[in-house]
Amino acid sequence: MAAAVELTGDGGTTAETRWLSPPLTHDDNRGFLQMLREKKERLGVGAAKVEVRLEKLTVEADVRVGRRAVPTLLNCAINAAQELAACAHMCTTRKKPMKIINEATGTIRPSRMTLLLGAPGSGKTTLLKALAGKLDSSLKMKGKVTYNGEEVNSSTPQYLHAYVSQYDLHHAEMTVRETIDFSSKMLGTNNEFEMLGEAIRRKKGVINRVDQELDSFIKATTFGEGSNLTTNYIIKILGLSECADTLVGDEMRRGISGGQKKRATIGEMLVGLARCFFMDDISTGLDSSTTFEIMKFLQQMAHLMDLTMVISLLQPPPETLELFDDIILLCEGQIVYHGPRENATDFFETMGFKCPSRKNVADFLQEVTSKMDQKQYWIGNANKYQYHSIEKFAESFRTSYLPRLVENDHFESTNAGKSKEVKTSTSRMISSWNIFKACFSREVLLLKRNSPVHIFKTIQITVLALVISTLFLRTNMRHDTVLDANKYMGALFMAVVIVNFNGMTEIAMTIKRLPIFYKQREILALPGWALLSSVFLLSLPISFVETGLWTGLTYYVIGYAPSFVRFIQHFVVLFAMHQMSMSLYRFLAAIGRTQVMANMLGTAALIAIYILGGFVISKDNLQPWLRWGYWTSPFTYAQNAVALNEFLDDRWATEFHFANANTVGETILKVRGLLTEWHWYWICVSILFGFSLVFNILSIFALQYMRSPHKHQVNINATKVKVDYNSQIVGNGTASTDQVILPFQPLSLVFDHINYFVDMPKEMTKYGVTDKKLQLLQDVSGAFRPGVLTALMGITGAGKTTLLDVLAGRKTGGYIEGTVKIAGYPKKQETFSRISGYCEQSDIHSPNLTVYESLQFSAWLRLPSNVKSHQRNMFIDEVMDLVELTGLKNAMVGLAGATGLSAEQRKRLTIAVELVASPSIIFMDEPTTGLDARAAAIVMRTVRKTVDTGRTVVCTIHQPSIEIFESFDELLLMKRGGQLIYSGSLGPLSSNMIKYFEAIPGVPRIKEGQNPAAWMLDISSRTAEYEIGVDYAEIYQRSSLYWENRQLIDDLGKPEPNTEDLHFPPKYWQDFRAQCMACLWKQNCAYWKNSEHNVVRFINTFAVSIMFGIVFWKIGSTIKDEQDVFNILGVVYGSALFLGFMNCSILQPVVGMERVVLYREKAAGMYSTMAYAIAQVAVELPYMFVQVFIFSAIVYPMIGFQMTATKFFWFALYMVLSFLYYTLYGMMTVALTPNIEIAAGLSFLIFIFWNVFSGFIIGRQMIPVWWRWVYWANPAAWTVYGLMFSQLGDRTELIQVPGQPEQTVKEFLEGYLGLQDRYFNLVTSLHVAIIALFTFLFFLSIKHLKFQRR
C-alpha cells in the first residue's frame, strides 16, 4: 500500500487521494483501509484469515551450567574433550536440559492484536520464533504450532508470516527508503492485491472517483510499479518521512537515530503485508507517543485487513495497552494468562491480587508473579498471604474458564476454519530472476556507496605497482643467465602474490555484511546464491580494473617479453588469479563467520597455498608423498602460467645446457620444477577459473546452510534450571545488617546559559542554509541538588543526551558556551570525573569478563586507595544485591545482542559499575530503555535509594510509567531545538507540573487516569505547539517559575562559607603501580576467557608448524646446490613473515573492541592510558611465548637444522622477537586508525613492503640502490637475515650454482644474498630498537589519539 505526499511509482503512476493526503492521521488510514476492505468485499476477493494455535508447545535447550559454562581456555579444552568422547559414546556431555517454553497451549485469533508480556529471559523471543517457524535448529521442540490446522514448517509460504527481530541490523550505506524497498521486492506483492488487480482487469466501467484512485493504486502495487508505493505507505505510518532518504548509518557514518532504526526494522517486515506478524520488543528506543502512533496504525491494519498480530512490548503505557485485544503473559516459559485484555485483572483478582487505581495494568501483570513485588497487590488478610508460584498461576489459568472462552470465540467454527487451508500461492512466489534483480541492484548501490574502499584499493595497487616496477626496473634487468632469470622469476612471483593479497580484503568486507545477510536469510528468505552471484558479477569489473592497472603499470616498465600477445596473456593469468583469490577469501569468510576465525582461516590458507605453490620450495624438493599438495595450490597454476608466458619467449632462447635443458628459459623452468610445454598455459588458466567456480559454489552452500555464529544467548544459572524461587528474592534492595558506608561529599551542580553549537552539516547547504554553525542547546540553565532526583525529559531531538554530555564533559567536539559550577566553584574536569558517574545508554563493557570482575575492576580504580580490599568487596556485594545482580555474579558479560547478558542485565551492570565508585553526582542516560516494567522498577528503586543517601542524580528518561515518573522529585523538560520549557518540582501526583501547563491557554486538560508523562510529551510536541499557537520556551522565560529557578541558580552558584574547592592531590585514586596491576589483572581475566582468540591462534600455530615440518622435512640436514639454499631460505622466510602476520591480524579485532571500553573508562578517570597500554602489551607475552615454544619445538627438529643449543637459542630468540614486533605492530595500527578496517588495510600495505624487501624474493645485493634503504628499515628482513645467518653462516659445504664454479654455502650467502657476519649483531640490535619504537608509538597514539566523536 502507499501513502505519501505523492504516491508515485517508478512508472509515474500517481494516486493522490483526499484520505491519504499528508499528514496521514489515524482517521485517514482507517478510511483508506475501510474503503479497501469494502472494495474487496464487492469484488469477492479476500485472503484467508489465519488462526494460530499452540498445542502443548515445549522448547528445550541443552546447556552447561555453573562455572563450566564460563569459556576459559581450560573449560574449552575439557568441554571439547567431553564432546569428542560423547561422539564416541564413551561418556555424556554433562549438559543439562532447560525448558525455555513449557507446554504452551492457546489460540491466537485473526483480526485481533495480541500483546505478549514477560520479563527478559521469560521465553518471549523463543515463543515468537516458534510461532513464526523460525526456531534455531539446535533447540528441541515438542508439540506443534498450526495455521488453520496446518503445522508450520519450512515449507510454509514465506508471505504468510513475518518475524520482526528486536535487533536492528541494516546496511549503513542504504537509506531508510532503500532498505524498506529492498524488503518489499524480496517479500513480493500482497496476494490480495494480486487478486484485486486481476478482478479490476476484468471489471468493466468505472464506479466512482474513489474507485478510480483505489484501482490506480492497486494496479501500481500489483503490476510492477508498486514497490515505491508500498514503501511510501509504510514509511508514512511509521513516521519515517523526515528521514526516508537519510542513510541508516553506523558508528562510522552519520545516520538516523536509534528509534528511527527500530521503526525501519518494523517497516522492513511490515512492507510485505503478511497474514501473521510476530514482533519482538519493537518499542525499544521509542518514546511513548511514537509507540502509541505506531500501535494505533497496526491495530487498524489488524482489524480491517484481518491480520493476526502478536507483539511484545517492554513498557507499554496505558493508552497503548488499550489498543490491544488480547494479552499473553509469559513467565519462565509458562503461559500464566492468555485472553481478552479487559479480563486480565479480573483473573488475578480471583486469586487475591488487585491492580491499584493509578497502577499501569501492564506493570501490574509483570510484577504480580514476582516474589519481590507480589505481596503489595494482595487484597486478602496480610497474615494469610503466601507466595503464589508461577506454576500455581499457570495451573489456575489452565483450569479457569478463560481458555474455553477463547476456544468458543475464535473466528469461525473449527470445521470452517480447517476448510480454509493455507496453501502456497505460486503467484506470490518471487521468481528467481526477480530475486536476482533485487540483489544485483542493491549490490550496485552498495558498490557506489562504498566507492572510497575501492578507490583506496586502486591507490594501494597503484603504489605497489610503482614500487615493484622500480624495484625490478628494466634498466637493471638482463636476460642472459639463469641468475637473471631468477630475478625475473621473483618479479613474476611478486605479481602473483600481490594480486592474491589484494583479494584478501574480501574477508573483512564479507564478514561485515554477514550478520545482515543471516537476518535477511531468515526473515526475507534471501538465498545465498542471489547474494553470491551478484557479488561475483560485480567483482569481474573490479578484477579487470585492478589487474589491468597492475599489468599496465608494471609489464613494460619491468621489461617482460615485449609482445602484445604476451602482455594480454600475462593479464589473463593475473585476472584469473585475482578472481580465484576473491572467491577463496569470500568462501573462508563465509565458513569462518567471525573476524577472528576468518582471519585465522585466511592466513592458514595463504600459508598453505604459498608454501606449496612451488616458489618457496620447488616441487622437486618436496617429499614424494607430499607432491600431491603442490597440485592443489592455486599458486602452482598461476606461477606456471606466468613463467611459461615469459620464459618460452624467443629472447630467453639463448643456448644453455643444464638439467636436461637447452636454453636459459627452459633451464630456469626445470630448476624451479615448473612445467615446460606451452599447452600447459591454457590448462593452468582454466584450472584457476575452475578454482574460482568451485569456491563460489562452496560459498553459496556456506551462506545458505551455515548458522549464524552469534545467535543471541543469555547466561544460564543452575538455579534457573531447577526453577528455584528463592533466587527471586536475591537483591530485594534491603540493606544488609553489616552495611558498608563509604564516605562521599554531597554536591550540587549548577549550569547557567549553556549553549552548544556544532559545525553545520554540509548536507544542509543543499537546502539553502547559510549559517556556519548549528545550535543544539539554547540558553539552558538549571540546578541539580543532593537528595533530589531529577528527570531530564523531552521528545526525540530535544537535546537531552547532548545536555548530559556537555555537563559531564563527555563532548569531544563542538563549541560550548556558559558556566558550570560544582558546590559553587567552577567545574574542573580533572576533579569532576573523580566525584561523578555517567551511565551511558550504550552499555559498554569488556565482553570477556564476568559481572563480578567488571565491578571489582571499577571499584579497585575508582574508590580511594585507603579503602581496604575486604571493605571494597563487601561494598560490591551490597551494590550487586541492590541492583539484583547477585545471581549473575559469575555470568559472562558477553557481546551486546549476541552472547552473555540480556539487555536489561547489561543495563543494571552499567548502573552497578558507576555505583561501586560511590560518586556524589550521577548522570544516567535512559537507564530504563530496553527494560521491561519490572526491571525498570528495580532500576528506579535502585536510583531512588541512591538519591536518598544524599547523592545528586539526573536521569534522562523516555517513556516512564506513572509510578516511575512520579518517583522523581523534579523535572527539566526540553523541546526540540534544545530549549528549556519547564524546570521545577513535580509535586504530589505530578500536580505542580500539570497545574503549570494547564494554566497555558489552549492546552488540553489531562484525562483522568492518564499518564502525566505521556500527556506532557504530547502537549509539548512541535505539532501540538503549532496547533495551540504558543512558544513554550517564551512562556517559561516569562513565568514566575523561571525567576524562582534563577534565584536558586544564584544561591547555589555561590560557595558555602568555610568551604574550599574540590582538590585531589594525585590525578587518579590509585597510584601508577596499582593502575598497572589492576589493568593487567583485568586483561588477564579477559584473555583467559577469550577462548575464540587464543584457541584459534594456538591451533593455527600448531597446524602451521606441522605443515612447515612436513613440507620442509630435513631440508636443513644436507645442502648440495643453490636450490637447497633457496629452500632453506623459503622456510626461514615463511617463519619470519606468516605466523607473525597471522598474530597481527587476529589481534586487531580484540584490541579494537577493548579500545571502545577504554574510552569510557578513561572518561571516568579510572586510570592513565599508559597503565592500560602496558597491561595490553604485557598480557600478550605469555601467550606469545607458548606460540614460539610450539613452533620452535616442532619446526626446528623436523626441518633438520643442526641440533646445538646455540643454534636453537638463536632460532627461538629471533622467533620471539619476530612475534613481538608483529604483535606490537598490530596494536599500534589499531591505536593509529579510527577502525579495524583501516587498521587491517594499513597492516596489509606495510606487510606487502615487508614481504617484497625481506631478502627472499630479491636478494639485498640485487635491490637497486634507491630501494636498498627499505631493506634496512624492514624488520622482516632482519629476521630472515638473523635466522638464515645463525643457521647457515658457518656452513662450509660446497654447492653447485648454474653457470658459476662451486662455492661454499657461506660464500653463496655473502655473494648472492648479502648475508655477512659483520651485520649479525646489528640485526639483533635493530630488532630490539623496532620493538621499542612500536611500543612507544602504541603508547603515544593510545594516549593522544581519540576517534570517538560525541
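The backbone N, Cα and C atoms fix where each Cβ goes, glycine too.
Keep in mind it's a predicted model, so treat the numbers as computed, not measured.
Here is what Swiss-Prot records for this protein:
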BINDING   GLY794, ILE795, THR796, GLY797, ALA798, GLY799, LYS800, THR801  ATP 2 binding site
DOMAIN    85-357  domain 'ABC transporter 1'
DOMAIN    749-1001  domain 'ABC transporter 2'
DOMAIN    1074-1288  domain 'ABC transmembrane type-2 2'
REGION    1-23  region 'Disordered'
TRANSMEM  453-473  transmembrane segment
TRANSMEM  491-511  transmembrane segment
TRANSMEM  523-543  transmembrane segment
TRANSMEM  557-577  transmembrane segment
TRANSMEM  597-617  transmembrane segment
TRANSMEM  683-703  transmembrane segment
TRANSMEM  1099-1119  transmembrane segment
TRANSMEM  1126-1146  transmembrane segment
TRANSMEM  1181-1201  transmembrane segment
TRANSMEM  1238-1258  transmembrane segment
TRANSMEM  1269-1289  transmembrane segment
TRANSMEM  1322-1342  transmembrane segment
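Neighbour counts were taken at the CB atom with a 10 A radius for the binding-site residues GLY794, GLY797, GLY799; the maximum falls on GLY794. Reduced to three states, the DSSP call for GLY794 (ATP 2 binding site) is strand. Only sequence-distant pairs (6 or more apart) were considered; of these, fewer than three Cβ pairs between the transmembrane segment (523-543) and the transmembrane segment (1238-1258) are under 8 A, so the stretches are not in contact. Between the transmembrane segment (1181-1201) and the transmembrane segment (1099-1119), the number of CB pairs under 8 angstroms, six or more residues apart, is three or more, so the stretches are in contact.
The record gives GLY794, ILE795, THR796, GLY797, ALA798, GLY799, LYS800, THR801 for ATP 2. Within 8 Å of the mean position of their Cβ atoms, the other Cβ atoms in that chain belong to THR802, MET974, ARG976.
When Cβ-Cβ distances below 8 Å are used as the criterion, the transmembrane segment (491-511) is approached by residues 453, 457, 460-461, 464, 468, 471-472, 477, 546-547, 550, 554, 558, 574, 577-578, 580-582, 584-586, 588-590, 592-595, 598-599, 602, 606, 609-610, 615, 635, 638-639, 642-643, 646, 1236-1237, 1240-1241, 1244, 1247-1248, 1251-1252, 1257-1258 of the same chain, each at least six residues removed from its ends.
Counting Cβ pairs closer than 8 Å to the transmembrane segment (557-577), the top stretch among 453-473, 597-617, 1238-1258, 1322-1342 is 453-473. When the stretches 1099-1119, 1126-1146, 1238-1258 are ranked by Cβ pairs under 8 Å to the transmembrane segment (453-473), first place goes to 1238-1258. In this chain, the transmembrane segment (1238-1258) lies apart from the transmembrane segment (1322-1342): fewer than three C-beta pairs between them fall below 8 angstroms, excluding pairs fewer than 6 positions apart. Between the transmembrane segment (1099-1119) and the transmembrane segment (1322-1342) there are fewer than 3 Cβ pairs closer than 8 Å, counting only residues 6 or more apart in sequence, so the two stretches are not in contact. Fewer than three CB pairs closer than 8 A are found between the transmembrane segment (597-617) and the transmembrane segment (1322-1342), and contact between the two stretches is not assigned (pairs 6 or more residues apart). Here the Cβ of LYS800 (ATP 2 binding site) has 24 other Cβ atoms within 10 Å, regardless of which shown protein chain they belong to. Look at THR801 (ATP 2 binding site): DSSP puts it in a helix.
A count of other CB atoms within 10 A of each Cβ picks out ALA798 as the most crowded of the binding-site residues ILE795, ALA798.
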